[in-house]
Amino acid sequence: MLRRPDFLWVYAIVFIAFLYGPVLLMPLFSLNDGNFATFPLKGFTLRHYSSMAANTSMILALENSLKIAVVVSVVSTGLGIPAALALTRFRLPGSRSIVSFMMLPLVIPSIVMGVALLVIILKFLGIQLSLWTVAAGHILICLPYCMSVLMSRLEGFDPSLEEASRDLGCNAWQTFVRVTLPLAMPGVISSLLMGFIISFDEFVIAFFLTGTENTLPVYLYSQLRFPNKLPGTLALGSLILLVSAVLVVVAEIIRKRGVQSGNPGDL
Amino acid sequence: MTQTAPIIAMSGLVKRFGTLTVLHGIDFNIERGEFFSLLGPSGCGKTTLLRILAGIEQPSEGALLIDGQSMSGVPANKRPTNMVFQSYAIFPHLNVEENIGYGLKNIAISRAEAAERVAEAISLVKLEGLGKRNAHQLSGGQRQRVALARALVCRPKVLLLDEPLSALDKKLREEMQLELRALQRTVGITFVFVTHDQEEALTLSDRIAVMDRGHVLQIDTPRGLYERPANRTVAEFIGSMNLFSGRVTRIDPDGTVEIEGAEGTFRGTARSGFKAGDAAVAAVRPERIRINAAAPEAGANGVSARLQASSYLGDRSLHVLTSTASGQQITVQSGPSAEDMPAAGAGGLWLHWPTDAGLILPD
């Protein structure tokens, strides 16, 4: 066995501290009994968390964000399934360029996207800004993520499973319901979670496209102007961090388990 | 339709994938209740033909009748055929019973009758007690049985099998061959079986179509293919065959043809018409050749050869020789006893075979 050099351990620890240290400061200060995010810490308290319950505008923003996230994850997964099926099942002319084209929102800076969407919605479509316009913008950026999760699931599929279903008397729709969808389910669930989390955390597009109502990240940002609200904001941020982390881990576990249980075709 | 009409009639079936033509005008019939095999090397179009029968692929040209009905525009789910896939395509999210009963949900029968038919199919393929197992808990042989039962439970008029035994080990494969043959006799359904394994095709089939590069070369019984191959490709594909090329020098009225080549003059029976000067090969099976010390009498088949190696296989021995004239390799099969073995190191051996053991085939 080759001994791993010690300095690599040091490097790894420094790397992780650098990545997650700042993030972990947020829950730390949110539990601090003081109004300023500075050391030394003054003592442990949960009052920043308990005061959140009374903050109606924050709760309203949370509700808005949840509503948008649910709509976005369902719609982008719903749109992603037929698109992913078409791209993995048929030899379409130019399907590679279609895939690259659909993945484009991943690399367009969201501020550019936000401005562009704002101009289109206000100047060309003449639609009032609302939570719906935020949702539409979020669907646009979530679709590529949902598509890639779904496509990777559908690609690992033995095509003869669907052929066998047709051969045994099912039409295309019955085959989709009885074979394709159940086997793609891990992909569908992780696509739903992915869409939810991306929409829930998104700030830039929501900031541009929202009307009078706030989403949670936009609300959070607006609170930073008031120094005495900072610990409350930190508490809220910590909660979002926790929920996001849990969702991402769950999505990944489901995806991994799906990979293990099949290659459905190899069974 | 009378009962004697063929169950499958193909005429002029052509299949093209883009610019590649994989089937060039397939015309033949498959009879009711037959065990029919499509045999050929990979890429010969046999699986494509099977998928056209199933309705998974559509022919580019030509007509297909199953039980007297035109299959043009009839999708896979409306055809009286069911298929056993090479990968078995067992649904991984369903257990054995649910897999077998899958197709019955599309037929208007009661729940009770469906359950009865599933149970019947399970006992037919000897999977009793495994009904609640999941697909990934089954061995290769068991999965193969599930795939068979799942197709048979729908009571198709034709069962299509795409190399169903190729994933099994040798011993299991031989067991399954016998079982498959017995099963076909029990259910009396027409089986169309695709394989690249000539031994498997010979063991199982009533009739075999030998295919190569999108053409059907010969359709015959196993005995017919082995004893009277229509051409060189079939002769080489079925069993092993020694071939000596030459040109036709004489044609007797009784069908005996003589050719002359580098290894000598050979006489044999011919199936197709020849004229003098045609390129032809003399073909002879390894087990029809005798090894001798002396040259044959004038006019009889004989090749002068040198022994390279002998191997003892228990029930028989195999000898590899090279022709003195051209160095061509010749395989001879003899009995296992020492008397059948030619003297080791002997230089001038002669290989003899009777005229009726030799076949003259177009080259």
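Quick reminder: no glycine exception, Cβ is built from N, Cα and C everywhere.
Nobody curates TrEMBL annotations by hand; they come from automatic prediction.
According to TrEMBL, the transmembrane segment annotation covers A:7-29 (among others).
Residues or ranges marked as domain 'ABC transmembrane type-1' by TrEMBL: A:62-251.
The feature transmembrane segment is assigned by TrEMBL to A:68-87 (among others).
Per TrEMBL, transmembrane segment is recorded for A:99-125 (among others).
Note on the transmembrane segment (A:131-151): residues 64, 67-69, 71-73, 75-77, 79-81, 83-84, 87-88, 99, 102-106, 110, 113-114, 117, 121, 184, 187-188, 190-191, 194-195, 198-199, 202, 205-206, 208-211, 213, 215, 255 of its chain, located 6 or more positions outside it, place their CB under 8 angstroms from a CB of the stretch. Per TrEMBL, the feature transmembrane segment maps to A:131-151 (among others).
Through the fold, the transmembrane segment (A:188-210) approaches residues 65-66, 68-70, 72-74, 76-77, 80-81, 110-111, 113-115, 117-118, 121, 129-131, 133-138, 141-142, 145-146, 149-150, 153, 181, 216-218, 221, 240, 244, 247-248, 250-252, 254-255, 258 of its own chain, all at least 6 residues removed from its boundaries and within a Cβ separation under 8 Å. What TrEMBL lists as transmembrane segment is A:188-210 (among others).
Tertiary neighbourhood of the transmembrane segment (A:230-251): same-chain residues 23, 26-27, 29-30, 32, 34-37, 48-49, 51-52, 55, 58, 189-190, 193-194, 196-197, 200-201, 216, 220, 223-224, selected by CB-CB distance under 8 Å and a gap of 6+ residues from either end. Under the heading transmembrane segment, TrEMBL lists A:230-251 (among others).
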